[in-house]
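Written out below as structure tokens is the structure these notes cover.
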Amino acid sequence: MRIYLAEDYKSMSRRAANIISAQVITKPDSVLGLATGGTPVGAYQQLVEWYKKGDLSFAEVKSVNLDEYYGLSPRHEQSYRYFMQSNLFDHIDIKYENTHVLNGLAKSPTVECAEYNKLIRDLGGIDLQLLGMGHNGHIAFNEPGDDFGLETHLVNLTESTIEANKRFFESKDDVPRQALSMGIKNIMQARRILIVVSGAAKADIVYKAFCGPVTKEVPASILQLHPDVTLVGDKEALSKLVEAGVPVCG
Ligand SMILES: O=P(O)(O)OC[C@H]1O[C@](O)(CO)[C@@H](O)[C@@H]1O
């Protein structure tokens, strides 16, 4: 695993965007696994900036997103489809039909999830998977205790995730209680993984995930077993790793 320590959120975002753009430049038809949440927003802004300068094209890129709230329409401002359009897709030359986000209004979550697994396989798998990490160690919406062997599935969100995400909604009651999410198995099958973390509130869970035991109670800890993971974080989020003497690159 490579760990990059960045001075602040902006340089963390720039480093993450560098890794994504290197993937796209070296393989223009890459399949990118994309993430939502607050942390990757800066990396998406940086990619848009480089695209606008003419340094980067996503014309052949295909994308699959990690997750979507179950019950939200893609047009809902807090849906992850909406997030991806407004933070990235609407500003670059990726083709809409090459972008894939789970359908939060699917009548049958079972069918939707099975089709998504098939889609990922038909695309040839994910070249680079971008991840954020929840305060309880979740990746995508794989919550503590979820089976590591699961593929895309319907998840009941934990109280801690609902609490953390209520900032995006008018009230806590508006936060959906379920989501469709890629499973740990889909994530671990990606060829490369890039995980971004920011802020002091993530320091403890980052330490547990990367220095603690691999356990279902900390879903991100499974990443210790992936052969190609890059962790990019700012000083605050990586502080406990640094204190423990884990080697990091600047
Ligand atoms: O980057 P943030 O906003 O801390 O979110 C962390 C994680 O939580 C989620 O937003 C889901 O709650 C994930 O998509 C993300 O990886």
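Glycine too: its Cβ is placed from the backbone N, Cα and C atoms.
Model, not experiment: these values are computed from the prediction.
Annotation comment: TrEMBL describes ASP67 (among others) as active site, proton acceptor. In the three-state DSSP scheme, ASP67 (active site, proton acceptor) falls into the strand class. Under a cutoff of 8 A between CB atoms, and with a sequence separation of 6+ in the same chain, the neighbours of ASP67 (active site, proton acceptor) are THR36, TYR80, LEU102, ALA140, PHE141, ALA179, LEU180, SER181, MET182.
Listed in sequence order, the residues of the same chain lying 6 or more apart from ASN136 (active site, for ring-opening step) and placing their CB within less than 8 Å of its CB are GLU143, PRO144, THR158, SER160, THR161, ILE205, VAL218. Among the features that TrEMBL reports, active site, for ring-opening step is placed at ASN136 (among others).
For HIS138 (active site, proton acceptor), applying a Cβ distance below 8 Å and a minimum sequence separation of six or more within one chain yields PRO144, THR158, THR161, PRO219, ALA220. Annotation source TrEMBL lists active site, proton acceptor at HIS138 (among others).
What TrEMBL records for GLU143 (among others) is active site, for ring-opening step. Following the DSSP three-state reduction, the secondary structure of GLU143 (active site, for ring-opening step) is coil.
According to TrEMBL, the domain 'Glucosamine/galactosamine-6-phosphate isomerase' annotation covers 11-224.
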